[in-house]
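J.: This is the structure I want to talk about, given as structure tokens.
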Amino acid sequence: MSLLNLRPGLISRIPIRSIPALNSKNSLRLLSNSIINYNGTRKEKPINLDPEPLKTNDTTHFGFQTVSKDKKEKLVAEVFSSVATKYDIMNDLMSLGIHRLWKDHFIAKLDAGKRLNSNKEINFIDIAGGSGDIAFGLLDHAEKKFGDVESTMLVTDINADMLKEGEKRAQANGKYWNNSRVKFLVQDAEKLDQVKDNSMDIYTVSFGIRNFTDIQKALNTAYRVLRPGGVFYCLEFSKIENPLLNFGYNQWAKVLPVIGSVVANDYNSYEYLVESIEKFPDQETFKGMIEKAGFKSVGYENLTFGVCAIHWGIKV
């Protein structure tokens, strides 16, 4: 049964195939207290014995640190400015290359595109989508499967350096460069102050929402900009349920920052990115946050035993 049976006008354009979801509540332990030096020796990290600052409404986490919300925005911006030119390499390292298969499944499962019996195009908004891979993949799918060459795509990212990478990709393939259907816009996902209420049909975010300063606020904003019947659709790293697989991934995660140092000359950014997975809510908790924003028919599907998950909800 389609998840979009709540809005007949939209169902003809964007049905989602329902796939049973697996629940996972175990946390993903990712980092040790040691750093492996280039010469193969192990150096213990100094342990901070000072108590972690108490969290308040003005603070949040940046990896394992507690920082002010304003500071987190700046720190995350620095991370993604640093990794922007090697973003695909970063995702290859974080997922052992499987992120490409996850993204293909993400796009195919959504199965979005203007149907022949519809007289209205789909308005997509891809959040934290600076690299353009999801945005262009969605438009390619819509054209290839449904002959849709009318639907529009708004690609937003809070980081201008990431958007530049998406523009470079569009220019390289030529298809979506200087195309009136595709627009790149610097926007804070928690505000989207240049996006009108009830103006979008599909809101996608891929491997981005865990980096938001206030995830609940971003979900509330997603609800605001979607039309009734619109779809919230998210792909993000999550929690592994199988203890053996969880242990194996943990061992890999321990060395990711070191590999980031070698490949991208950037230890700190990769350390944060691994820690950000640890801090992101488990599947059931995040599902509850989506429901709190007002979405209905909320669900999720675990991929690769919960290494990542697809989450969705419908605005009614």
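Here the Cβ of each residue, glycine as well, is placed from N, Cα and C on the backbone.
Below, the features straight out of TrEMBL:
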BINDING   SER131, ASP157, ASP188, ALA189, SER206  S-adenosyl-L-methionine binding site
J.: Can you give the largest Cα to Cα distance in Å, as a whole number, for the residues SER131, ASP157, ASP188, ALA189, SER206 that bind S-adenosyl-L-methionine in the record?
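T.: Output for S-adenosyl-L-methionine binders SER131, ASP157, ASP188, ALA189, SER206: max Cα distance 16 Å.
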J.: Other Cβ atoms within 10 Å is the metric here; tell me which of the binding-site residues ASP157, ASP188 scores highest.
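T.: Output for this query is ASP157.
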J.: Same chain only, sequence gap of 6 or more: which residues have a CB within under 8 Å of the CB of ALA189 (S-adenosyl-L-methionine binding site)?
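T.: ALA189 (S-adenosyl-L-methionine binding site) has long-range Cβ partners ILE127, ALA128, THR156, ILE158, VAL205, GLY208, ILE209, PHE212, ALA218, THR221, ALA222.
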J.: Restricting to the same chain and to sequence separations of six or more, state which residues have a Cβ under 8 Å from that of SER131 (S-adenosyl-L-methionine binding site).
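T.: Counting only residues 6 or more apart in sequence, the Cβ neighbours of SER131 (S-adenosyl-L-methionine binding site) under 8 Å are TYR87, ASP88, MET162, GLU165, GLY166, ARG169.
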J.: In sequence order, which residues at least six apart in the same chain have a CB under 8 Å from the CB of SER206 (S-adenosyl-L-methionine binding site)?
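T.: Those within reach of SER206 (S-adenosyl-L-methionine binding site), by Cβ under 8 Å and sequence separation of 6 or more, are LYS103, PHE106, ASP126, ALA128, GLY129, ASP133, ILE134, CYS234, LEU235, GLU236.
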